[in-house]
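Annotated features, as they stand in TrEMBL:
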type	residues	note
BINDING	GLY79, GLY80, ASN81, PRO82, ARG101	substrate binding site
BINDING	ASP102	Mg(2+) binding site
Amino acid sequence: MAATADVCDVNPQLIISGELRALQPIFQIYGRRQVFSGPVVTLKVFEDNVLIRGFLEERGNGRVLVVDGGGSLRCAILGGNPVQQAQNNGWAGIVVNGCIRDVDEINGCDIGVRALASHPMKANKKGIGERHVPITIAGTRISDGEWLYADTDGILISRTELSV
């Protein structure tokens, strides 16, 4: 994968048209895979992790789960066990607009994880949320099937797969 900065430099027309967008730089980097990309699967939850676990139990096939957790800093909606399962099931990465926990365990996994922060408290288990819906996180609207590119410079969303 080309560096996100290089992708931006060679695609000014896609940026102007809105086909290529950068997320605001609000996410911390976790997991061993600092560079990852793949087609997006969206999920919207609030302080509840049942649907997240359900997705990560599926085959990932190189996809990236993007979770709008409402930006909550009151509990973690992703922990070490589901991240290990995501790694084993072939997910490329997980981006969480919320908190994670079990950071040492997550940092040992060969998967890319981005989140706002870590928090020791666990989430609710009610199973409430919306799958495959457009979400807006970090100033950017993201839809199922778009492509996410992440590295240490930031996160890009593209309407289509980029060949750079």
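Placement of Cβ uses the backbone N, Cα and C atoms for every residue, glycine included.
Taking each Cβ in turn and tallying the other Cβ atoms within 10 Å, the top scorer among the binding-site residues GLY79, GLY80, PRO82 is PRO82. Excluding GLY79, GLY80, ASN81, PRO82, ARG101, which define the substrate site, the same chain contributes ALA76, LEU78, VAL83, GLN84, ILE100, ASP102, GLU105, ILE106 within 8 Å (Cβ to the Cβ centroid), listed in sequence order. Distance from the CA of the residue listed as 'Mg(2+) binding site' to the CA of GLY80 (substrate binding site) is 5 Å. For ARG101 (substrate binding site), the same-chain residues that are 6 or more apart in sequence and have a Cβ closer than 8 Å to its Cβ are ALA76, LEU78, GLY79, GLY80, SER118, HIS119, PRO120, MET121, LYS122. On a Cα basis, PRO82 (substrate binding site) lies 11 Å away from ASP102 (Mg(2+) binding site). Across GLY79, GLY80, ASN81, PRO82, ARG101, which the record gives as binding substrate, the greatest C-alpha separation is 11 Å.
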